[in-house]
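**Q** One structure, as C-alpha cells, below. Some questions next.
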Amino acid sequence: MKQFRGTTILSVRRNGKVVIGGDGQVSMGSTIMKANARKVRRLYNGKVIAGFAGGTADAFTLFERFESKLEKHSGNLTRAAVELAKDWRTDRILRRLEALLTVADSKASLIITGLGDVIEPEQSLMAIGSGGSFAQAAAKALLENTKLSARKIVEKALTIAADICIYTNLNFTIEELDSES
C-alpha cells in the first residue's frame with residue numbers, strides 16, 4: 001500500500017510570539033487525497049501548539065499521547081516531550097508510528113521524533129516535513145532581513161515552500177501563542 005506523505009510545518013518565535021503553521025495537503029503517491037487537513041492544533045487547554053508531519057492516523061495517536069503526558073506533568077512541555085519520546089522509542093506498537101511532531105509553549109519549542117529525540121532548535125525557528133527545508137530557509141532569510149512578525153514570516157515562508165514542494169499546498173492552518181522570548 002502506498003504511504004501518505006508530505007507536508008510542511010514551520011514554527012517561528014519572535015517578538016513575544018510563537019507561531020506554528022502548516023499546510024493542508026494529504027497525498028498518497030501522486031494523488032492529493034485531501035487539501036484541507038488540519039495538521040496544527042492547540043493542546044493542553046490552548047497553552048501548547050503542535051504540528052505534525054507524517055501519517056495522519058499516527059499523528060493523532062501521538063497528539064493524544066502527548067496531551068496525556070502534558071496532563072501528567074502539569075503542562076511541563078520538555079518533560080512531557082521526553083516522556084513521549086521514551087514511550088515512542090520503546091513501545092512495540094508506538095515504535096511503528098511514522099510521524100514527527102513540533103510542539104511549543106510560551107517558553108520552549110521542540111521537535112519530537114520516533115527515534116527518541118527531543119530537539120530544541122538553536123535559532124528561533126524549526127521546520128519538518130517534505131517542504132520543511134524550503135520553509136526553514138525562507139523563514140531564516142526573513143528573520144535576518146526583515147522586521148516582519150512571527151505570523152507573517154510563517155505565512156510567507158509556507159507560501160514559498162508551497163511554490164516549490166509538490167506535497168505542500170496553500171491551505172494553511174496557523175496557531176499563535178504569546179511567548180516569553
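Including glycine, each Cβ sits where the backbone N, Cα and C put it.
Sharing the features that Swiss-Prot gives for it:
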- Thr7: active site (ACT_SITE)
- Ala162, Cys165, Thr168: Na(+) binding site (BINDING)
**Q** Taking 8 Å from the centroid of the Cβ atoms of Ala162, Cys165, Thr168 as the cut-off, which other residues in that chain fall inside it around the Na(+) site?
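**A** For the Na(+) site, the extra neighbours are Gly6, Thr8, Asp23, Gln25, Ser130, Gly131, Phe134, Ala135, Leu158, Ala161, Asp163, Ile164, Ile166, Tyr167, Asn169.
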**Q** Tell me the Cβ contacts of the residue listed as 'active site' under 8 Å, same chain only and six or more apart in sequence, or just say none.
**A** Gly22, Asp23, Gln25, Val26, Lys39, Phe52, Ala53, Gly54, Ile128, Gly129, Ser130, Gly131, Tyr167, Thr168
**Q** Could you say whether, by DSSP, Ala162 (Na(+) binding site) belongs to a helix, a strand or a coil region?
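**A** It is helical.
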**Q** Give the number of CB atoms, excluding that of Cys165 (Na(+) binding site) itself, located within 10 Å of its CB.
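**A** The Cβ of Cys165 (Na(+) binding site) has 21 Cβ neighbours within 10 Å.
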**Q** Let me check the 10 A CB neighbour count of Thr168 (Na(+) binding site). How many other CB atoms are there?
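**A** There are 29 of them.
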